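Peer 1: The structure's right below; bear with me while I get my questions together.
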Amino acid sequence: MESYMSSIGSRLQMLTTSDHASVVSMNLFVALLCACIVIGHLLEENRWMNESITALIIGLCTGVVILLISGGKSSHLLVFSEDLFFIYLLPPIIFNAGFQVKKKQFFRNFMTIMLFGAVGTLISCFIISLGAMQFFKKLDIGPLDIGDYLAIGAIFAATDSVCTLQVLNQDETPLLYSLVFGEGVVNDATSVVLFNAIQSFDLTNINAAIAWDFVRNFFYLFLASTLLGVLTGLISAYIIRRLYFGRHSTDREVALMMLMAYLSYMLAELFYLSGILTVFFCGIVMSHYTWHNVTESSRVTTKHAFATLSFVAETFIFLYVGMDALDIEKWRFVSDSPGTSVAVSSILLGLVMVGRAAFVFPLSFLSNLAKKSPNEKISFKQQFIIWWAGLMRGAVSMALAYNKFTSAGHTHLRGNAIMITSTITVVLFSTVLFGLMTKPFIKILLPHPKHQSRSITISSDPTTPKSFTIPLLGEGQDSLDDLGGHDIDHPSSIRALLTTPTHNVHHYWRQFDDAFMRPMFGGRGFVPFVPGSPTEHNPPNQWH
């Protein structure tokens, strides 16, 4: 009996020690997050650095310190969890991207964004897979089948939209920002959908029937994910507009917006769809309808709450990637053949550059053919920046690589370890090198006119979900309503419709939106004046 009690006591002591170690790790990690924010603020005006690179470097330095203290046993405070990344960290980043996107620029360039994000990702995936198949067979990295090579293509076709958001300025380069950012989100979604489709099919004995099922499954996931995000956003707008939570508690409407946004992502995961695409379009729909249905204080709260959650998640990801880069367990497998690891990393980096160039320049040429106005065409300098800024690889590539080549964050096969270390090397090298050089390239190739820097910042009475500025010599607020303006020459023939599709499609969408969507789901100017409602303090005649 005494021995039984003593064993229980020792187990409880071990659990207490383990819990205390976890608390210590979390304390250190939170302190590092605070350090990233402070140092990022001090480097705000630096033309080279951004907060992603700052967090990455701090993570690397911390990893070195932990490695020295632990005697070479460990380099990170937390074990990488794919669920932590995909379930908790990625949703707020992607949702905020959709919620605060400049819809005017995004939808004006929607076809180009879809070309780059969907078609371009497929081209890049094909080239990387083909190149890996040709080069890796000459290297001794273990057995890989066609499914593995296609998975490698999907992993390294995923750009780092998180870091891209920080190196491009939405106000200084609106066209570039909308193209690179929009493509980045669609690219991430396409890569994940493609990766999941590859994982769910046995491609070792591929034939026409399997290829057709693969293509059909890919497009089903893409369309179903988008529709689910739109539907969830519309449901949230309808509920908040009809029930007027704000007259009793603004906390409830803020909580409902947050939970509905997260629910869209989890529903997508539940039905094996793309959560990235779902939560992104949910964010766009919520910013167009739901956000205008809540009280003014809730608008300010949600705008800053979503941005803060996204910012913390981004910093967390890069801080962890920096620490995990020095994980001794993975590097031990490749210590006997460092040349192979370097060769694989170099080949992958070269294929990433070639794969991106293979679609950016040709698809930009095709996009320019469909545009009549010289101002809307993508110049060669802009194409170069789009190519360069999209070369960064980040957390999505890391998470997919862990999914494919590890089990619960650990690997015991040399070939898998080589792929993991190569992925880490490509992520670090591309984020630091391409991230550091993007801002200087933009300043050299696309200098920003000085007179456009004079602006009035509006924060007291926001009318869009983003913190926005109204340039003294520029355009006003951004909304789906403003796309293309009001004085548009509408088509008198099918040919005229095809030559100017964007503005005219938007014209018909606006008519449909004003006649059917906004009266039901609300939105700017379409929230009725009811005591206690979101428009209680606004004049009742502000109808668009």
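Just so you know, glycine gets a Cβ as well, placed from its N, Cα and C.
Where the annotation comes from TrEMBL, it is an automatic prediction and has not been curated.
So TrEMBL lists these for the protein:
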type: DOMAIN; residues: 31-442; note: domain 'Cation/H+ exchanger transmembrane'
type: TRANSMEM; residues: 20-43; note: transmembrane segment
type: TRANSMEM; residues: 55-72; note: transmembrane segment
type: TRANSMEM; residues: 84-101; note: transmembrane segment
type: TRANSMEM; residues: 113-137; note: transmembrane segment
type: TRANSMEM; residues: 218-240; note: transmembrane segment
type: TRANSMEM; residues: 304-323; note: transmembrane segment
type: TRANSMEM; residues: 343-363; note: transmembrane segment
type: TRANSMEM; residues: 384-405; note: transmembrane segment
type: TRANSMEM; residues: 417-436; note: transmembrane segment
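I'd like to know what surrounds each of these features in this structure.
Peer 2: Proximity of distant same-chain residues to the transmembrane segment (20-43), defined by a Cβ-Cβ separation under 8 Å and at least 6 residues beyond the stretch ends, is recorded for 49-51, 54-55, 58-59, 62, 77-78, 312, 315-316, 319.
Within its own chain, the transmembrane segment (84-101) is flanked in space by residues 161-162, 165, 178, 181-182, 185, 188, 261-262, 265-266, 269, 275-276, 279-284, 286-287, 291, 303, 306-307, 309-310, 313-314, 316-317, 395-396, 398-399, 465-466, which lie at least six positions past its ends and keep a Cβ under 8 Å from the stretch.
Counting same-chain residues at least six beyond the ends of the transmembrane segment (113-137), those with a Cβ under 8 angstroms from any Cβ of the stretch are 106, 144, 146, 149-150, 152-154, 156-158, 178-179, 182-187, 189-191, 194, 222, 344, 347-348, 350-352, 354-356, 358-360, 363, 366-367, 386.
Long-range Cβ contacts of the transmembrane segment (304-323) within its own chain (Cβ-Cβ under 8 Å, at least 6 residues beyond either end) map to 29, 32-33, 36-37, 40, 51-53, 55-63, 66, 75-78, 80, 85, 88-90, 92-93, 95-97, 99-100, 162-163, 166, 254, 258, 261, 394-395, 398, 424, 427-428, 431, 465, 467.
Away from its own ends, the transmembrane segment (343-363) comes close to residues 112, 115-116, 119-120, 123-125, 127-128, 131-132, 135-136, 139, 141, 152, 156-157, 383, 386-387, 390-391, 393, 418-419, 421-423, 425-426, 429-430 of its chain (Cβ-Cβ under 8 Å, at least six residues beyond either end).
Nonlocal intrachain contacts for the transmembrane segment (384-405), taken as residues 6+ away from its ends with a CB within less than 8 angstroms of a stretch CB, comprise 52, 80, 82, 85-86, 89-90, 116, 148, 151, 154-156, 158-164, 167-168, 173, 176, 179-180, 183-184, 187-188, 191-192, 195, 199, 317-318, 321, 324, 352-353, 356-357, 360-361, 364, 378, 411, 416-417, 419-420, 423-424, 426-427, 430-431, 434-435, 437-438, 441-442, 445-446.
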